[in-house]
Every structure is written in structure tokens, then in C-alpha cells.
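**Q** Take a look at what Swiss-Prot says about it:
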TRANSMEM  4-24  transmembrane segment
TRANSMEM  44-64  transmembrane segment
TRANSMEM  78-98  transmembrane segment
TRANSMEM  120-140  transmembrane segment
TRANSMEM  165-185  transmembrane segment
TRANSMEM  194-214  transmembrane segment
TRANSMEM  255-275  transmembrane segment
TRANSMEM  279-299  transmembrane segment
TRANSMEM  312-332  transmembrane segment
């Protein structure tokens with residue numbers, strides 16, 4: 001087999017595996033979230049369908065896929081129909097430049113668990129994952145429903161504001177490493193536990209985590225939907241498989257965000273003592289993913305004015321200060 005044919009086949013297989021695994025993980029994440037929230041609230045959670053309630057996921061999928069797909073008569077039908085698809089596609093595309101695990105050898109060839117190892121991988125991931133929100137905005141706007149439009153508008157304001165916070169935090173990382181490549185950032189932290197960037201950039205870590213909660217529409221910083229204020233927000237008019245596409249896109253973005261935090265701040269897939277790198281990657285990413293559930297159970301939803309004041313009066317000044325300190329450190 002020629003090198004080009006092997007490369008094309010390898011890339012196709014990687015894409016299929018990523019879509020299959022992350023779509024499945026997005027479904028399993030709902031079961032995990034319900035169990036974790038039940039534990040925090042001293043409940044049992046799903047436990048009736050199958051062992052430990054695991055088959056509940058299959059039952060929910062059957063219910064979701066058999067629901068009627070309703071398109072409101074007064075909506076912008078084409079945009080309303082494609083918005084969920086845009087959300088899922090952008091979430092999966094963002095995974096293309098993320099190195100998942102250490103490289104390994106297969107059939108005498110070195111395989112890198114990444115679809116596209118590009119020099120501007122960090123910029124690519126942030127850009128494509130940010131596009132997921134435009135699907136949310138388009139879906140809310142096209143619904144022609146006051147709750148949907150209000151949720152989309154609130155979300156648009158928050159994402160524009162907090163992307164500045166996340167970007168400033170990432171610029172500090174780029175200044176230290178000197179590269180946009182996620183592989184280079186991972187390798188920068190290969191000298192042991194104290195080479196992890198969380199110790200060199202603790203403030204950037206906190207800022208990026210907060211921005212990530214906004215990016216993935218998670219409590220307590222989610223403004224796009226709130227049962228007590230705007231019902232389901234942008235998703236009020238969605239049902240069936242189209243709502244499921246939004247759901248898959250959101251949870252895929254959450255998983256991608258957890259992996260990205262691990263690569264940027266927690267040593268990535270580098271080995272730790274006698275623990276292989278791939279195990280460390282899974283453990284650290286799972287721990288960060290658990291934070292989504294922990295925060296939802298522990299903190300109340302913030303009001304929109306509180307979220308925006310925190311951004312402009314606290315987080316952006318801190319991000320700029322961190323950037324200045326990092327610049328001085330690099331120069332000196």
C-alpha cells in the first residue's frame with residue numbers, strides 16, 4: 001500500500017472512530033450526570049432499567065428518536081432545521097486537531113491518535129468549538145419564539161465577552177511554550193509533575209475553566225437556558241432528533257473541553273511515574289469532566305448581570321494582569 005493510500009485510510013478510520021466514540025460518550029455522559037447529581041442530592045438516580053440503570057440510556061435514545069420532529073409554522077424553517085446539525089458538526093470537527101493519546105506502532109507504522117497535527121491546532125480548536133455557539137444563536141433566532149430569541153441573545157453577549165477571557169488566558173500559555181501546536185504544549189510539560197503548566201499559570205487555569213463553562217453552556221454560568229426565567233431558552237421549540245443533535249454537540253464540546261484542559265495545564269498524555277500516559281490522560285480528563293457535574297450540583301445559577309459584571313470588572317482585568325506578568329517573565 002502506498003504512503004498516500006495508507007494516510008487516507010488511516011485518516012478515514014480515525015474520523016469514524018472519533019465520531020463513534022465521542023457520540024457514545026456523549027450519551028453515557030447523561031447517565032453519569034444523572035447518577036452524580038442524584039448522589040449529591042441523596043437520591044439513587046436511574047436504577048430500574050437494566051443493571052445499575054445502565055439500559056436507561058438505550059430507553060432514552062429510543063424515546064428521543066421516536067418523538068415527532070416539529071418545525072413551528074412561523075419559524076425560519078431552513079435555518080431552524082440545520083442549526084442542530086451545525087452544532088454537532090462543529091463539535092466533532094474541533095476534535096480533529098486534538099491529540100488524544102500517545103503515539104503507538106501498528107503494522108510497523110507509527111500512528112498518532114490525532115486526525116490533523118497542524119501547527120495552529122490550538123487556534124483551530126478554539127475557533128471551531130466557538131462556532132458551535134452560532135448554531136445555538138441561529139436556532140434560537142430562527143425559532144421565532146420570545147424565549148428562544150431571548151436565550152440566544154443572552155448567550156451571544158456572554159460568549160463574546162468570555163471568549164476574551166479564555167483567549168487572554170491561552171495567550172499566556174502560548175507565550176511560555178512559543179507554539180500553537182497542542183503536541184508542542186504537551187511535550188513542554190514532559191519533564192515531570194512540576195513542569196505542568198497549572199503550576200506556572202494557575203490564574204490562566206482558573207480563567208480558562210470559567211470561560212469553558214460559558215462556552216459549553218453549563219451551570220452556574222449558562223445564560224442560554226434557564227427554567228425559571230426563559231424556559232429552555234434557544235431549545236424551547238426543538239424536539240426529537242433535532243434536539244438530540246444539540247445535545248450531542250453540547251456534550252461533545254464538554255468532553256473536548258476536558259481533554260483540552262488536560263493538554264494545556266495538566267501534563268497531557270505524558271507518563272507519570274510508572275503510570276502510562278494514556279491512563280493519565282483518561283483519568284485527568286475524567287476528573288475535569290466531573291467538574292461540570294460538581295458545579296451544577298453545588299452552585300446556584302447566576303443572574304445575567306452578575307455573570308457580565310464578573311467578566312468585565314474581575315476576570316478581564318485579571319487576565320490582562322496575568323498576561324503582563326507572563327510577558328515580563330518571558331522577557332526577563
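In case you wondered, yes, glycine gets a Cβ from its N, Cα and C as well.
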**Q** Return the stretch with the most CB pairs under 8 A relative to the transmembrane segment (4-24), choosing among 44-64, 78-98, 194-214, 279-299.
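**A** Maximum Cβ contact count belongs to 78-98.
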**Q** Do any residues of this chain, six or more beyond the ends of the transmembrane segment (44-64), have a C-beta under 8 angstroms from a C-beta of it, and if so which?
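**A** Residues 27-28, 30-31, 34-35, 37-38, 240-241, 243-244 contact the transmembrane segment (44-64) from elsewhere in the chain.
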**Q** State the residues, same chain only, that lie 6 or more residues beyond the ends of the transmembrane segment (120-140) and have a CB under 8 A from a CB inside it; answer 'none' if no residue qualifies.
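**A** That would be 79-80, 83-87, 90-91, 93-94, 96-98, 148-149, 151-153, 155-156, 159, 163, 166-167, 170, 174, 180-183, 185, 215, 217, 224, 233-235, 238, 246, 249-250, 253, 256-257, 260.
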**Q** Six or more residues out from either end of the transmembrane segment (78-98), which same-chain residues have a Cβ under 8 Å from its Cβ atoms?
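**A** Answer is 15, 18-19, 22, 71-72, 114-118, 121, 124-125, 128-129, 131-132, 134-136, 138-139, 141-143, 182, 237-238, 242-246, 248-250, 252-253, 256, 259-260, 263.
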**Q** The transmembrane segment (255-275): which same-chain residues, six or more beyond its ends, come within Cβ distance under 8 Å?
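**A** Non-local partners: 22, 25-26, 29, 91, 94-95, 98-102, 125, 129, 170, 173, 182, 185-186, 189-190, 193, 195-198, 201, 204-205, 208-209, 212, 215-216, 281, 284-286, 288-289, 292.
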**Q** Six or more residues out from either end of the transmembrane segment (165-185), which same-chain residues have a Cβ under 8 Å from its Cβ atoms?
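**A** Sequence-remote neighbours of the transmembrane segment (165-185) are 97-99, 114, 117-123, 125-126, 197, 200-201, 203-205, 207-208, 210-212, 215, 260, 263-264, 268, 311, 315-316, 319-320, 322-323, 326-327, 330.
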